[in-house]
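As written in TrEMBL, here are the features:
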type    : residues                      : note
BINDING : Glu66, Glu96, His99, Glu184   : Fe cation 1 binding site
BINDING : Glu96, Glu148, Glu184, His187 : Fe cation 2 binding site
Amino acid sequence: MQRAAKCALRRDLSRAFCPSSVRNCRAVKRVNSSVLCRRYSVLPPPRDEEEKAMLDSMLRVDHAGEYGANRIYAGQMAVLGRTQTGPLIQYMWDQEKMHLERFNEILGEHRVRPTLLLPLWNIAGFALGACTALLGKEGSMACTVAVEDSISEHYNSQIRTLIEADPERYTELLQLIKEFRDDEIEHHDTGLEHDAESVPGYLILKTVIQVGCKAAIYISQRI
């Protein structure tokens, strides 16, 4: 399946709300997951301790980000799972589950320690998702926009770093990050399409969430 066709199909599916469409979403997601989660060696053998430290830090923070995103969607589903918005949130959460599963595999394969703050991100992520969902669909979508904008910006920064370093050496890792970055952008756009900006205090809420995301990224790279 061509990349443009896959992206267009995922975009169409993310707009669907009826249960039958959600079943179709999940069916297509399973196909996409089999493509994106194929097993291959993502990291080249590190040349030295400096390169290993750089890659370990990248993987550690990416894993933490996907873990946090999963907990946010879990919190949203706890509040809105039985509403009309539930299937849409579940669709995005399913993609995040796939991201996290892949990073779990990579960390295990390359013996990279996850951040020590996972218990904190567990609680904070769920609380953020649940609290914003209490504001209704618009609140949950505003949270999604803020978080996914931060994550996609972070992935873009990593892509630039790897391209500047050696794009051929990091081909597989670049491919993986770009695929996941595109999913985050899709979630961001989906949030905007579903009235994120209509929640009262949208800009303040978005700013506060993004400050928290940047702090979490900074800390997770180092601890």
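All positions are counted from 1 along the displayed chain.
Heads up, the Cβ atoms here are built off N, Cα and C, so glycines get one too.
In TrEMBL, annotation is done automatically, which means it is predicted and not curated.
Of all the Cβ atoms in the protein chains shown, 27 others lie within 10 Å of the Cβ of Glu184 (Fe cation 1 binding site).
Taking the centre of the Cβ atoms of Glu96, Glu148, Glu184, His187 as the Fe cation 2 site, the nearby residues of that chain (Cβ within 8 Å, site residues left out) are Ala69, Met92, Gln95, Thr144, Val147, Ile151, Ser152, Asp183, Ile185, Glu186, His188. Least packed by the Cβ count within 10 Å, out of the binding-site residues Glu66, Glu96, Glu148, is Glu66. Checked against His187 (Fe cation 2 binding site) by C-alpha proximity, the binding-site residues Glu66, Glu96, His99 yield Glu96 as the nearest.
Separating the Cα atoms of Glu96 (Fe cation 1 binding site) and Glu148 (Fe cation 2 binding site) is a whole-number distance of 11 Å. The Cβ of His99 (Fe cation 1 binding site) has Glu66, Ala69, Phe180, Asp183 as same-chain neighbours under 8 Å, each 6 or more residues away in sequence. Around the Cβ of His187 (Fe cation 2 binding site), a 10 Å sphere holds 26 further Cβ atoms from the protein chains shown.
Apart from Glu66, Glu96, His99, Glu184, the Fe cation 1 site neighbourhood in this chain, defined by C-beta within 8 angstroms of the site C-beta centre, holds Gly65, Ala69, Asn70, Gln95, Met98, Leu100, Ile151, Phe180, Asp183.
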